[in-house]
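*Asks:* Before anything else, here's the structure in question.
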């Protein structure tokens, strides 16, 4: 014990002497300290450039669509540099709503009566100051579908009906598309869907097939196989970070219409759900008349409908998206359909895709959206016959 104490005392004395004489000017005034910082920075930079910043993978079912994207949308061939201080998937997902700017958009609201008696709220951005398209009836238009918790401040559409919605049900979407096409009958129309909005849009395209009159579609961070999506979100960390919060949002939407819904459903039982799967088992699958939740999830999974899409559709997913695990991406289905392309980035999380030192104004997803919609409106006639 004595020798141990002596050795310990000698060590502490030596350490105190070193700290007093070598590091007393601070970390960056010390040659050793500065070397450590520079070494760590160099190592991190090398790791980032080798393992994080990568070109996306573009998978297309046909050569014509593949070449169109390479030529008209250079973003699909460029290296994606995620924001270096927050490239991890969950961090990207959680930070995007807080770090990206929210420009003010003056919407004109229109209420549409749905066949089931409910209302659909459609928010228009008229863009009447457009110098290139002064005629509103012929102005190129994009219909935006939000994610599960989207609002009119993030999208053009917000469903406001006592009957809620699910990823498999596309009736309201059909009503909106038909209404928009009647309203601006001369205008070319595209659609973009984010997360659950993207799932609904892909399901709509698969069901309607050749009846769809959209010029093109872009889908971001869609969940392709609902079974795999819910299983991923039930992992402990992701359940804590995302699943519980989204479940509470779903329950809140139901609770707002409790007086109407409790006549047909056990709302108290619904409000006790702890996960999205439990909520769907107790409410969504029952409301939409499915024999079981498994039947609902199978019908809601766009992966089974990719083969029937007959308009140009570009899909962007991040390989590290915990909401949509990459082993469930519809790679083989996309390869079999010349109308569909899948763009996969290594990082980006769920609707994250942050890039730049301080990603306030634009993201990689925004650039994909702008370039693809511009390409379709201006040069999309070259994709009229992809088969």
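Cβ atoms here come from the backbone N, Cα and C positions, even for glycine.
Worth saying up front: this structure is predicted, and the values here are computed from it rather than measured.
In case it's useful when we look at the structure, here is the feature table from TrEMBL:
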type     : residues : note
ACT_SITE : 195      : active site, charge relay system
ACT_SITE : 321      : active site, charge relay system
ACT_SITE : 350      : active site, charge relay system
*Asks:* Let's check the environment of residue 195 (active site, charge relay system): how many other CB atoms sit within 10 Å of its CB?
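*Replies:* So the Cβ neighbour count for residue 195 (active site, charge relay system) comes to 24.
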*Asks:* Determine, to the nearest whole angstrom, how far the Cα atom of residue 195 (active site, charge relay system) is from the Cα atom of residue 350 (active site, charge relay system).
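*Replies:* Cα-Cα, rounded: 8 Å.
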*Asks:* Using Cα coordinates, what distance in whole Å links residue 350 (active site, charge relay system) and residue 321 (active site, charge relay system)?
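*Replies:* Residue 350 (active site, charge relay system) to residue 321 (active site, charge relay system), Cα-Cα distance: 5 Å.
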*Asks:* What number of additional C-beta atoms lies within 10 angstroms of the C-beta atom of residue 321 (active site, charge relay system)?
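*Replies:* Summing over all protein chains shown, residue 321 (active site, charge relay system) has 28 other Cβ atoms within 10 Å.
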*Asks:* Tally every other Cβ atom lying within 10 Å of the Cβ atom of residue 350 (active site, charge relay system).
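*Replies:* By my count, 25.
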